[in-house]
Amino acid sequence: MNLSTSEATTFKTDYSVTAPLSMAFGVTSIIITSYILIIILSTKQLYTVTRLLTCNTCLASMLYCVVQFINYIHLLVIKWDTSDESCRWRGYFGYMSMVSFVYSYLLQVISRFFFIVLWNRYRWLTSYKAHFYVILFGWIVILTVPLPAILTTDIHFRPGELCWVASKYELHTYYIIVAYYVIPILSIVIFNVLIFIRIYQSRKTSVARSRTGKRDRDYEIFRNVMISFSVYFLGGLPIIIHMLVDVELLYSIGVVSVTFAVSMEKLVIIYLDRDIRILFRNFFCQKKTQVVPMTVFTVR
């Protein structure tokens, strides 16, 4: 995960160290994410709107890890590919995978806004159909936002560097900062404020008290979404600070911390989601107990 890289820095990122670490965390995240998807898709009781959005975020995180893995392979192994056009496409997919993860969490917050704030007036917004359209629109935005990466020549091949926009292209860099981070994060903050206002107001009404079970469940899901996003946000904090102060050491830390945060975020999802946690635990316990009867039978 990166926004721009400075071509004139005293400290140079050693990708021979940071890339393998990032790749290892990426593979770990893919494995954990695959288990989550298998559990959700194989359990009909988990076919809910909330889990639909969880699957969407899982796919976005897998996309990010796979794309970054491929980019590191090109950087460390496929060194003969020096084409600027190829580099621009790698940059596009790299930025697109970053955008997909951030915006997937924005979609989750928007969904909680539908359930908590708009549920009384527009119940159709909480339906599967409405959320499918929201997800479809989200991916159209995700595919569109990074298009300047391939429509301009601001990304070009540089030996020993990933295919990102160099910081000397200030207009493109500012666009990345605003479109990739400021807009989605600010939107998340705004929706959070509106949701918290609704939560505060609902505690004073008798109508809300009559739906305590549903209300508490919606608030619990909203809390879990924000905790999971906070883990990812903290992992990307070194990169965000690097954008502001252009300290290459922070970028080096961010290369590893983001994929580490993606892995931790998946573990947090398992821990916070009671249903997934129980099924996840039963899945491994069942595999262990299957061995015991076989051993006893053999002894007999």
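Just so you know, glycine gets a Cβ as well, placed from its N, Cα and C.
All annotation found in TrEMBL is predicted automatically rather than curated by experts.
Annotated features in TrEMBL:
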type: TRANSMEM; residues: 20-41; note: transmembrane segment
type: DOMAIN; residues: 32-281; note: domain 'G-protein coupled receptors family 1 profile'
type: TRANSMEM; residues: 53-73; note: transmembrane segment
type: TRANSMEM; residues: 93-118; note: transmembrane segment
type: TRANSMEM; residues: 130-151; note: transmembrane segment
type: TRANSMEM; residues: 174-200; note: transmembrane segment
type: TRANSMEM; residues: 221-244; note: transmembrane segment
type: TRANSMEM; residues: 250-272; note: transmembrane segment
TODO: Verify whether three or more Cβ pairs under 8 angstroms connect the transmembrane segment (250-272) with the transmembrane segment (20-41), leaving out any pair fewer than 6 apart in sequence.
DONE: yes
TODO: May I ask for the residues of the chain that lie six or more residues beyond the transmembrane segment (250-272) and have a Cβ under 8 Å from a Cβ within it?
DONE: 1-2, 5, 11, 13-15, 18-19, 21-23, 25-26, 28-29, 32-33, 36, 54, 58, 61, 64-65, 68, 101, 224, 227-229, 231-232, 234-239, 241-242, 280
Open item on the list: Can you give me the average pLDDT across the domain 'G-protein coupled receptors family 1 profile' (32-281), rounded to a whole number?
Closed with: 87
